[in-house]
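The structure under discussion appears below in the form of structure tokens.
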Amino acid sequence: MRYYTQVVAASLVATLAVVDSIVFADRGNKLRFLRQDGATVTRGGKGEERTGTAGSVESLTNLANLYFDSNLSSRVIKKMLEEHDGHQPVLAMIEKRFQERGAQKYMYLDEGLVTRETAEKKFIEWILEGKTKKQVKKEFGISSEPGNESAVELQESAIKAYGDWLEDLNGRSWDLENTAASKAFAYLYGKHVSRDWILGMFKAWATEGTPLKVAKNHLFKEPMRPFDMFQEENFVAYVTYAKMLREKIKSISPPRRDPVPTASN
């Protein structure tokens, strides 16, 4: 399931009295939102201001919860809420929900049972390392034993979620490489840049051995939750550089030589 494009299912849409579909531009990424009747929005062209007032805190709360349950990131929900007057208490409520979700016990790692946010931070690391779902399952899968059913179920759910992240990332990468490669592969220095342009920069970085942390600081201007980072439009570029850097390091590493068997061993 693709998180960044996920739109509320028909059964959830029915919870809204009247639905008006609008498009909110997030640095070139078109994200489709739904709003309940009672909210008014002034729409403008590129570069124009948009303002809005919510009919009630209740309707805005319903929308925020709807987006939260639809796996939209906290940054996207915040941008939506900030278009409406009286959004502060709703924003505080949603922030609390994100904190509670991030604190849920989610997965067993080397250090034991960890929270969702800790596990998702690990998801980011695995993606940058190029780990497949199969590799993660081999490393962190829990064997089924009597009395161990709940742990197995929890672990399988987390590993499946990692697989969903990979599936989503592959879809986004394909879209950028095949539909927006010429103009909007990433957002840097206040503008969208092409895939060819950024690959040229990445090639120079990889040749110089520029650390991944430097690329991260260029692509993401502020700290954010792992899930929010994953949904950022620059994440595909981040993963692209990580892959280029891995390949460069591999190409200059001396070949592995197994020890020559001797009589003593």
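Quick reminder: no glycine exception, Cβ is built from N, Cα and C everywhere.
As recorded in Swiss-Prot:
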{"type": "CARBOHYD", "residues": "ASN71", "note": "N-linked glycosylation site"}
{"type": "CARBOHYD", "residues": "ASN148", "note": "N-linked glycosylation site"}
{"type": "MOTIF", "residues": "32-50", "note": "motif 'RxLR-dEER'"}
{"type": "SIGNAL", "residues": "1-25", "note": "signal peptide"}
Q) What's the CA-CA gap between ASN148 (N-linked glycosylation site) and ASN71 (N-linked glycosylation site) in angstrom, rounded? A) 29
Q) What is the pLDDT of the motif 'RxLR-dEER' (32-50) when averaged and given as a whole number? A) 35
Q. Judged by the number of other CB atoms within 10 angstroms, which among ASN71, ASN148 is the least packed of the glycosylation sites?
A. ASN148
